[in-house]
Amino acid sequence: MHYITPDLCDAYPELVQVVEPMFANYGGRDSFGGQMVTIKCHEDNSLVKEQVDLPGEGRVLVVDGGGSLRRALLGDMLAEKAAKNGWAGIVVYGCIRDVDVIAQADLGVQALASHPMKTDKRGIGDLNVPVTFGGVTFKPGEYLYADNNGIIVSPQALSMPE
C-alpha cells in the first residue's frame, strides 16, 4: 500500500498526530505504514535484532534510541532480515548505517542520521512500551504512516482517501 501523509492528515485531522520533522528517508520504500511495535534502547540493538527475526506481518518497528548520534541501531543485515520477514518499515530515533544497501531493501526506513559505528549488544532495552520523541507518544498497537513528507501516528488504522 502506498501512503501519502498529507492526504491522511487532510482526511483524518482529528485522529493523526504529526511527528516533528527531523527524520530522513533511507529505505527502499518511500512510503510505509502499519501497526507499531516499540523498542526503547540506548546504543544497544539487541532487541532490534530479536524483533526483525520474527514475522513482521506488515507492522512497523519504532526504535527509540534516545536520539543518540554516537552508534547505529540498524544496519544492512538487520534491514534485509526485516524486509524478508515481512516488516513494513522501521523508524529509528537515532542512527543507522550501511545506507546504500538499505536504500535497496524492500523496507521503509527513517532515521535521524547515518553513523558507521555499530552498537554494543548487552541485551538492554524495553519492548512494547510507550516511547516519546518528536512531540508524539508512540504506543504499541497503534498505527504509524510515513513518507517523504513526514511521519504521522493514529490510534486506529487509516485508509487512503479515494
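Each Cβ is built from the backbone N, Cα and C atoms, and glycine gets one as well.
What Swiss-Prot records for Gly75, Asp76, Met77, Leu78, Arg97 is substrate binding site. There are 17 other Cβ atoms within 10 Å of the Cβ belonging to Asp76 (substrate binding site). Reduced to three states, the DSSP call for Asp76 (substrate binding site) is helix.
For Asp98 (divalent metal cation binding site), other Cβ atoms within 10 Å of its Cβ number 20. In the three-state DSSP reading, Asp98 (divalent metal cation binding site) counts as coil. Among the features that Swiss-Prot reports, divalent metal cation binding site is placed at Asp98.
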**Item:** Fewest Cβ neighbours within 10 Å, where candidates are the binding-site residues Met77, Leu78
**Value:** Met77
**Request:** Count the other Cβ atoms sitting within 10 Å of the Cβ of Arg97 (substrate binding site), across every protein chain shown.
**Result:** 23
**Other residues, Cβ within 8 Å of Gly75, Asp76, Met77, Leu78, Arg97 Cβ centroid (substrate site)** = Ala72, Leu74, Ala79, Glu80, Ile96, Asp98, Val101, Ile102
**Request:** Provide the number of Cβ atoms within 10 Å of the Cβ of Gly75 (substrate binding site), excluding the reference atom itself.
**Result:** 19
